[in-house]
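J.: Dumping the structure here so I can ask a few things about it.
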Amino acid sequence: MTTVGILGGGQLARMMALSGAPLGLRFKVMDTAPDACAGQFAPMVVGDYRDEAALAEFAGSVDVATFDFENVPSESAAWLAERIPVFPNPRALGVAQDRLAEKTLFRELGIPVPPFAAVDTREGLDGAVAEVGLPCILKTRRLGYDGKGQFRIRTADDIDAAWAALGPQADSVGLIVEGFVAFQRELSVVAVRGRDGEFRTWPLTENWHVDGVLSASLAPAAVDDVLLATATGHAQALADALDYVGVFALELFCRDGELLANEMAPRVHNSGHWTLEGSETSQFQNHLRAVLGLPLGDTRMVGQACMLNWIGAMPDAATVLAEAGGHWHDYGKSAREGRKVGHATLRAESRAELAHALERVGQGLGREAQVAPVVERLRG
Ligand code: ATP
Ligand code: MG
Ligand code: MG
């Protein structure tokens with residue numbers, strides 16, 4: 001019996017464990033929260049991911065370790081990697097944890113990025129804004145997620161407020177200024193690379209964010225072959241450079257037909273949740289296959305899929321469950337503003353049918369605004 005250890009016990013760990021059950025896998029899930037949502041799978045609650053006694057116990061009880069949480073301290077990942085196989089490797093995790101290291105690597109690999117500059121001081125912020133140009137965004141280099149730790153600088157008058165908001169974190173997590181990209185579309189490549197270097201991607205996904213949080217994903221994104229090949233090539237270059245093993249996502253802005261890389265997520269990704277029902281092999285199962293050195297599964301789509309995120313509180317399930325292609329995921333979390341508590345995936349044979357299903361669900365749940373941009377894209 002193989003046991004997979006997962007650092008972080010959120011919904012990603014939970015979906016990984018559910019997807020790994022048919023493979024006969026066992027799981028051990030480490031988290032700092034006693035009520036973590038994957039807690040029903042052999043939970044291990046720790047005060048701190050750096051706790052060496054806890055890490056030793058974890059290493060002694062699993063065959064391989066992976067992550068649900070990208071901000072596990074890289075020294076903890078490195079400590080484990082000296083004792084058991086850890087995928088993705090700690091270097092890849094470390095690069096993806098730091099927006100400056102990540103964007104620097106993208107640029108080295110020839111992957112276009114928005115202009116960016118590191119910021120250490122208040123004076124440095126003035127210089128960085130001058131270098132990058134307005135409008136721009138001040139972001140924390142580390143620990144940001146769901147758009148947290150970001151401040152938009154529209155005019156020079158916003159610089160003081162940006163520094164007041166994030167300057168106190170300059171020494172602890174570091175800061176970076178990035179040019180604001182007036183994109184037409186946001187896309188993500190969800191990809192998997194095996195231990196032997198085999199590389200596969202799922203069909204490109206288009207994403208919509210509200211207040212920095214993913215709201216909806218549509219696959220396949222309607223793109224031409226050149227754009228698809230470019231996006232896939234960027235993801236493969238990145239995976240090969242990092243000797244990456246497992247699933248990751250590369251987030252891209254598409255502006256006037258040009259792709260600019262925003263960030264990578266060194267783990268299964270919210271924009272790949274549709275793969276559970278919308279593709280031959282889900283991102284969760286392929287991640288497990290990759291880290292265990294098993295053959296990777298086919299990533300082709302079965303139909304057209306749209307994922308809707310539920311933020312803050314769960315809506316009523318009945319409207320989605322009444323749909324022929326409706327699938328419901330309640331993470332069992334308590335309601336809290338801005339928190340991802342669940343999602344639904346709608347699957348259909350054609351884009352027209354998917355648009356109809358989305359309209360019915362939008363009306364049934366009073367969420368017309370959430371489905372509107374997706375319906376518009378499907379009909380456009
Ligand atoms: P997550 O990891 O949850 O995707 P995050 O906190 O790491 O989010 P980003 O992905 O950097 O944050 O930003 C969140 C969203 O904010 C982006 O998906 C995009 O919609 C918008 N955004 C971020 N950076 C830029 C930019 N430079 N130009 C335009 N929009 C941006
Ligand atoms: Mg991020
Ligand atoms: Mg992001």
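Positions of Cβ are set from backbone N, Cα and C atoms, glycine also.
Given the structure is predicted, the values throughout are model-derived calculations rather than measurements.
In case it helps, TrEMBL gives these features for our protein:
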BINDING   Arg99, Lys139, 144-150, 178-181, Glu186, His209, 262-263  ATP binding site
DOMAIN    103-292  domain 'ATP-grasp'
J.: Going by DSSP, is Tyr145 (ATP binding site) part of a helix, a strand, or coil?
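T.: Going by the DSSP assignment, Tyr145 (ATP binding site) belongs to neither helix nor strand, so it counts as coil.
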J.: Most Cβ neighbours within 10 Å: which of the binding-site residues Arg99, Lys148 is it?
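T.: When each Cβ's neighbours within 10 Å are tallied, Arg99 tops the list.
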J.: Are there any residues at least 6 positions away along the chain from Glu178 (ATP binding site) with a Cβ closer than 8 Å to its Cβ? List them or say none.
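T.: Expected: Arg99, Lys103, Pro114, Pro115, Phe116, Val132, Cys136, Ile137, Lys139.
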J.: Translate the DSSP assignment of Asn262 (ATP binding site) into the three-state scheme.
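T.: Where Asn262 (ATP binding site) sits, the three-state DSSP reduction gives strand.
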J.: Can you name the residues of this chain that are 6 or more positions from Asn262 (ATP binding site) yet have a C-beta less than 8 Å from its C-beta?
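T.: Within the chain, Asn262 (ATP binding site) has Cβ neighbours under 8 Å at Pro114, Val181, Glu186, Glu251, Leu252, Phe253.
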